Amino acid sequence: MAKASPQFTCTACGAVHKKWAGRCEACGAWNTIAEEAPLSAGPASRTLGGTKGRRIALSTLATEEAPPPRTLSGMAEFDRVLGGGLVPASAILVGGDPGIGKSTLLLQAVAAFARKGLKCLYISGEEAAAQVRMRAQRLGLAEAPVDLGAETNLRDILTTLEAERPDLVIIDSIQTMWADTVEAAPGSVSQVRSAAHELVTFAKTRGVSVILVGHVTKEGQIAGPRVVEHMVDTVLYFEGERGHQFRILRAVKNRFGPASEIGVFEMTGGGLAEVANPSALFLSERGQPAPGSAVFAGIEGTRPVLTEIQALVAPSSLASPRRTVVGLDSGRVSTILAVLESRCGIPFTGLDVFLNVAGGMKVSEPAADLALAAALLSAREDVALPPDLVIFGEISLSAALRPVGQVENRLKEAEKLGFTQAILPQGTKVEGGAGMRLRKLPDLVTFVGDMFGAG
Ligand code: TYD
Ligand code: MG
């Protein structure tokens, strides 16, 4: 029998390569490709059709069943990101950088669910039971009826789950789990995949909800959460800048609710506190009106969030000037710089550009284009924008402004926070008399003329 040839898998995205390479062609990550034991080739000579299988029971789409009852944890930000509470028998992945606060968040969530009457189990593969207990004490959760286990052997965990039949189990983290049926080190792509598969299958067949914690890894060897994203119902990422105390829980996939919903938390000495009004928080650091600052009225999931986009433009001493972008898509920034240059005649050659979203927020909506351009222009011209102005609109390559969705929501939130004027694309339909002064502009050239004179 021919020996199966080795296989190389990217630990960041799971792509399989024929040979080792320094950079994964699929996701562009460096030094993430590792050799994996090939999955068993299987009985290639036999086909499935030869032997008879069991007939599976089929049913129709019509149903009398009520939608599954969801359980609310009472942590409103967490429940919202789940799409309105925890669905029974669902599999959820919570990814994030090490040290960002995943264990803290889930300990708080599991305690909240336990207090709502769910039978909850918290399995830690990273910390000893005593450490988790200590953390719970510090968070004031020691009284919550959560069963605690410290284990990494998947077989033992599944046996325990079978006997205990909890409603919810947290696995912290999936990278520490190992199945003795797979000949690979814990944390390798094949171990992580098979552990996730076993746990998710268990969840679906026994009606247990599982939450898997996955560390986002920068190194090879350890597989990242992306390799199990396709197996679970819901994928949440916990993000934030290390230096900031704000943390954002973002749904990137959800079979039971809207994707791209966010929950905002603040890391305090006593654990994660919910932030009910993120706009006020993200704008709270705004001081006197200064050049380079523009307020964007954005939508995250189902709710409006106002953020401040900050730009700094300075003469560069480099042959190819710097483009440093934090919290925004750098491709989008390049596009807008190009549009400003070729359609509006405002070059940024020889200038370093720094862009940032205040508070460590990430903005990915195309609707942020106009606010981004406004911040850039304001920084370049050294002219502050009016402090009570919000901006939104998408910029096309021809420099035309395209209308965006959920206009009323954006305007209402801005008005609530004391803004009195808005700049938006011309084609936008605004229903109801928003109490703000609206300026609808057809394109970026008009915007430049309007705000900064002839440009
Ligand atoms: P942790 O939940 O252990 O992160 P993860 O599980 O994602 O690796 O959180 C670690 C960080 O959170 C640690 O640097 C300390 C900080 N922290 C607080 O600031 N306050 C707290 O109450 C707790 C529990 C943690
Ligand atoms: Mg942890």
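The backbone N, Cα and C atoms fix where each Cβ goes, glycine too.
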Next on the checklist: Labelled motif 'RadA KNRFG motif' by TrEMBL, one stretch among 68-72, 253-257, 283-287, 328-332. Can you tell me which?
Outcome noted: 253-257
Checklist outcome for this item: Across the binding-site residues (GLY96, PRO98, GLY99, GLY101), the Cβ with the fewest other Cβ atoms inside 10 Å is that of GLY99
Checklist outcome for this item: By the 10 Å Cβ-neighbour count, the most surrounded of the binding-site residues ASP97, ILE100, LYS102, SER103 is LYS102
Checklist entry - When you average the Cβ positions of GLY96, ASP97, PRO98, GLY99, ILE100, GLY101, LYS102, SER103 for the ATP site, which other residues in that chain have a Cβ within 8 Å of that mean position? => result HIS215, PHE238
Next on the checklist: On the three-state reduction of DSSP, what should I expect for GLY96 (ATP binding site)?
Outcome noted: strand
Next on the checklist: Can you work out which residues elsewhere in the same chain, 6+ from the ends of the motif 'RadA KNRFG motif' (253-257), have a Cβ less than 8 Å from its Cβ atoms?
Outcome noted: 82-84, 87, 90, 229, 232-235
Next on the checklist: I'd like the per-state residue tally for the motif 'RadA KNRFG motif' (253-257) from DSSP, helix first, then strand, then coil.
Outcome noted: 0 helix, 2 strand, 3 coil
Next on the checklist: Checking proximity to ligand 1 here: which binding-site residues out of ASP97, GLY99, ILE100, LYS102, SER103 have their Cβ closer than 6 Å to it?
Outcome noted: GLY99, ILE100, LYS102, SER103
